[in-house]
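So TrEMBL has the following annotated:
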TRANSMEM  A:69-90  transmembrane segment
DOMAIN    A:105-153  domain 'NADH-Ubiquinone oxidoreductase (complex I) chain 5 N-terminal'
DOMAIN    A:169-466  domain 'NADH:quinone oxidoreductase/Mrp antiporter transmembrane'
TRANSMEM  A:174-194  transmembrane segment
TRANSMEM  A:206-231  transmembrane segment
TRANSMEM  A:243-262  transmembrane segment
TRANSMEM  A:283-301  transmembrane segment
TRANSMEM  A:415-437  transmembrane segment
TRANSMEM  A:475-493  transmembrane segment
TRANSMEM  A:636-658  transmembrane segment
TRANSMEM  A:670-689  transmembrane segment
DOMAIN    A:678-741  domain 'MrpA C-terminal/MbhD'
TRANSMEM  A:696-713  transmembrane segment
TRANSMEM  A:719-740  transmembrane segment
DOMAIN    A:755-831  domain 'MrpA C-terminal/MbhE'
TRANSMEM  A:812-830  transmembrane segment
Amino acid sequence: MQSLNSCRVKIVYLFNCEIKSYLLQLDNFAKYFTIRNGGLILVSVNLLIIIPFIAAALILFLQKRVSRIHIGWFVLLIPIILFIFLVRYIPNIANGATYLHTINWIPSYGINFSSYLDGLSLIFGLIITGIGALVIVYSIYYLNENESLKHFYCYLMLFMGAMLGVIFSDNIMVLYVFWELTSISSFLLIAFWFQRKRSREGAQKALLITVSGGFSMLAGFIMIGNITGSFSFREIIAIIPDFYDHTLFIPAMLLILLGAFTKSAQFPFHIWLPSAMEAPTPVSAYLHSATMVNAGLYLVARFTPVFGGEGLWFWLVTVVGLVTMFWGSFTAVRQTDLKALLAYSTISQLGMIMSMFGMGSAALNNGYSADSVVYTQATFAALFHLINHATFKSALFMVVGIIDHGVGTRDIRRLGGLATYMPITFTIAMIGSFSMAGLPPFNGFLSKEMFFTSVLNIREANIFSLEAWGTLLPVLAWVASVFTFIYCMIVVFKTFLGKYQEERLEHPAHEAPVGMLIAPIILAVLVIAIFFFPNVLGDYLIVPAMASIFPAFAAEADLGVTISAWHGFTPELIMTIGVVVVGTLLFISLKYWKRIYALLPESWSFDSLYNAVLETVETSSNKITNFYMTGYLRDYLVYIYLFFIIVVGGTLIYTGALNFDIAGNAPIDAIDWFIAITMVVGSIAIIFAKSRLTAILLNGVIGYGVALFFVLLRAPDLALTQTVVETVTTVLFLVAYYFLPDWQKENSSRKTKSVNLLISVLVGAIFVVVALAVQNEKLFESISGFFENSYELVGAKNIVNAILSDFRGFDTMLEVVVLLIAGIGVFTLIKLKARKGEEELENK
Amino acid sequence: METLITILAGVLVTVATYLLLSKSVIRVILGTAILSHAAHLMIMTMGGLKEGEVPLIGKDHGPYVDALPQALILTSIVIGFAVTALSLVLAYRTYQETGTDTLDELRGNKHE
């Protein structure tokens, strides 16, 4: 009774604790229903992340209810609502506010849903929700009613929620969860038309590459967690300076970078992005130009305060970015498919942004000093170009979708002269392409100028042995920009100008429906607006984001850069003019020098390398498996015995547990010798037995020998059982022989036989040595003294039977069950025959 | 005595292993039977040999031989018998269905 009462008290106490913690949670929640700066902010950022997931679940039930209205209109509400909520945060964030809200998930591991809203995540959040809304508007007109719309929007919402989770998570483990969710939803979206083989292949490639990167990133996160003892970004950034010399610091950095590079399609992991172009165009416009591929950039930006200032980080991010930029633009020129061209251009632009983040990290080399502020401009330019790229690239993808929809092909060789038929589309394409090429009056011009400024600035930095290699960076950047210019011209001139070839198109060209044009027009207007009012963006969005990337600098200096279109005849302006002049010349003479692409045959591309690796892995694992999984029972037994010999024998030798002493042995009588020798001879004779009868009788000799030993060793019950069982077994063998074919001579090769013999002898020897060693290692007395009281305890005079039925009755019960099962098994084996049809199936 | 039995069991293990590695089903089953003999002898030996009287109370007042290994062996004998019986019937049925009792011919298809 006493214990029951105390138990009850305990339960009540625990229950109270639960209620208390819930009340605390509610209290935390209630704090969010407060009035801030006159605006009622009823939503915590966690809710922002959760809303799309709830929507994704609801969409699946929606389509049946509303068959007459395109469900895209309902889905459109969600990104618009989220966008409005995020916009309301802008003034507060610009004033330096940050929002943190935590919902406990696995507190004991330090893994919680903590969402953190600051300048950096706000930029990404606005891009995701804003472009998401536009893409949904576009997709309403782009996708047919007879497509599986509910799945499309469900995946899209899943993706949006996951992406918002990636950028708002303060906890790196939760970030990883959402990171993988973006990979999965991207996989689903790429293979949206799963009937097509190429969609499936593209989806598989994207999944393999991004998930491999994601895994390495997880490993890096775990290392970071081990180094700092925390999974929270803010805490990590605060305490990481004490751990720069930690052995895991560099490995963690490399692994996390690998994750970022694979997600952002950096060289040489860029190959999945062109293959992902099999997705519907809205997906390409959204995932593969503005959002998912920016996740890697976000990661690099987020981790800049952690790893920036490390030379390896600077070189890797910068050089990989520049190489990606060059390779992407160089490869884009040779593409004939518009979407593939845009995919490579995305790769190239992402490389450019990546390299700017790398150059910006140089500022952190020696902590804060007034001189290093100038290098942070690169990061500023990176964020600026990230926004610009999202605007014009999505617009371009939508344009390509319109062309594809209108004339039924995306092949540059079949297109041309569409400008007169599609004037609005042509205008949008021109704005987007010229912005991408870096021409005024479009926003791309501004970020390109800043890009050149940062590559020129970085040469001056006397760190990371830049004086030796620094000149290479501007050169590489300039060459890449020339190629960028060329492919931008291709998009405009080869598609919209030149000869109109109606006979090669599937439908005659016509302007797109108005609904399809809404989203690209808005984006094109943005492209121009940003050119004329860039500083609004700079002051309100980018400066607070810079504060998140350079927390140490933000307190000391103003990190803002006044963006201006005209700042005199500077080297970067001359570089831009050079790009335009050289690019134009090269574009005009394109058909003469295009032959250099033939020097790089298809079989040398990274794509074929990837395929070769996949094939090699598959074939070689097949080979390996087929090499040792032969299907012969003997081989498997050989493996098992070899393992036994190596492990047990090795341990014996290693530990030196050989111990042989016959001092404590019982005396041996003559009869013992006689039986033992008989059994040895009999057992060896089995191997050489010519007929099966001999073998079975010899087995009987061994069995009865054992029984005799039981007699001599004072075990009457055993002797009895052994005799009976041996007799029955012999009978069984004989019965089986009656049905089985004649005992054949073992026709194995001499080699097999000798291997068998060697293994058998080794196994026997190890067995004997271990047994002898064990016998002389009596650690404590036997417990059998207890069983000798069996008469007092259970009233049995036969100790063995008392053990079997009383002390250890469970064994006996289950042993009876074993016999029962064996009996049933024997019965069914004999009685039940496969029916005719099944037999035929088996033999197929 | 313990050493003698141990070596005897070792010989039995060697023979059993050799039989297990052979091609015909019946030899493999024989191998398992012999292996269980060896195991029983070893369990017996581990309890010590001839250190007392037969474990029956009343005839004399001990010390008795260790009764626990005997109980274990008794259980083991029965289980070994059940397994041997089942494998024998299995071999017989296999031969009926497939017409062979050599393990190499009983090998499955390549892609199983």
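Note that Cβ sites are derived from N, Cα and C of the backbone, with glycine treated the same way.
Curation does not apply to TrEMBL; its annotations are automatic.
Values in this document were obtained by computation on a predicted structure and should not be read as measured data.
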How about the transmembrane segment (A:174-194) and the transmembrane segment (A:283-301): do they have 3 or more C-beta pairs under 8 A, pairs 6 or more apart in sequence?
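Yes, the stretches contact each other.
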For the domain 'MrpA C-terminal/MbhD' (A:678-741), report the average pLDDT of the model, please.
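Across the residues of the domain 'MrpA C-terminal/MbhD' (A:678-741) the model's pLDDT averages 91 on the 0 to 100 scale.
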Using DSSP, break the domain 'MrpA C-terminal/MbhD' (A:678-741) down into helix, strand and coil residues and give each count.
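Output for the domain 'MrpA C-terminal/MbhD' (A:678-741) reads 56 helix, 0 strand, 8 coil.
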What same-chain residues lie close to the transmembrane segment (A:243-262): Cβ under 8 Å, and 6 or more beyond its ends?
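Distant Cβ neighbours of the transmembrane segment (A:243-262) are 179, 209-210, 212-214, 216-221, 223-224, 226-228, 269, 295-297, 299-300, 303, 307, 310, 312-313, 316-317, 320.
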Compare A:206-231, A:415-437, A:475-493, A:670-689, A:696-713 by their Cβ pairs under 8 Å to the transmembrane segment (A:719-740) and return the stretch that comes out on top.
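The listed stretch sharing the most Cβ pairs with the transmembrane segment (A:719-740) is A:696-713.
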Short question: which residues 6 or more past the ends of the transmembrane segment (A:475-493) have a Cβ under 8 Å from it?
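Residues 322-323, 325-326, 328-330, 332-333, 335, 338, 341-342, 344-345, 348-349, 351-352, 355, 396, 412, 429-430, 433-434, 436-438, 448, 451-452, 455, 575, 578-580, 582-584, 586-587, 590 contact the transmembrane segment (A:475-493) from elsewhere in the chain.
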I'd like the per-state residue tally for the domain 'NADH-Ubiquinone oxidoreductase (complex I) chain 5 N-terminal' (A:105-153) from DSSP, helix first, then strand, then coil.
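Computed counts for the domain 'NADH-Ubiquinone oxidoreductase (complex I) chain 5 N-terminal' (A:105-153) are 32 helix, 9 strand, 8 coil.
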Using Cβ atoms and a strict cutoff of less than 8 Å, what residues sit near the transmembrane segment (A:812-830) while being 6 or more residues removed from its termini?
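Residues 804-805.
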Checking distant contacts: for the transmembrane segment (A:636-658), what same-chain residues at least six beyond its ends satisfy Cβ-Cβ under 8 A?
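Residues packing against the transmembrane segment (A:636-658) from afar: 628, 755, 759, 762-763, 766, 769-770, 773.
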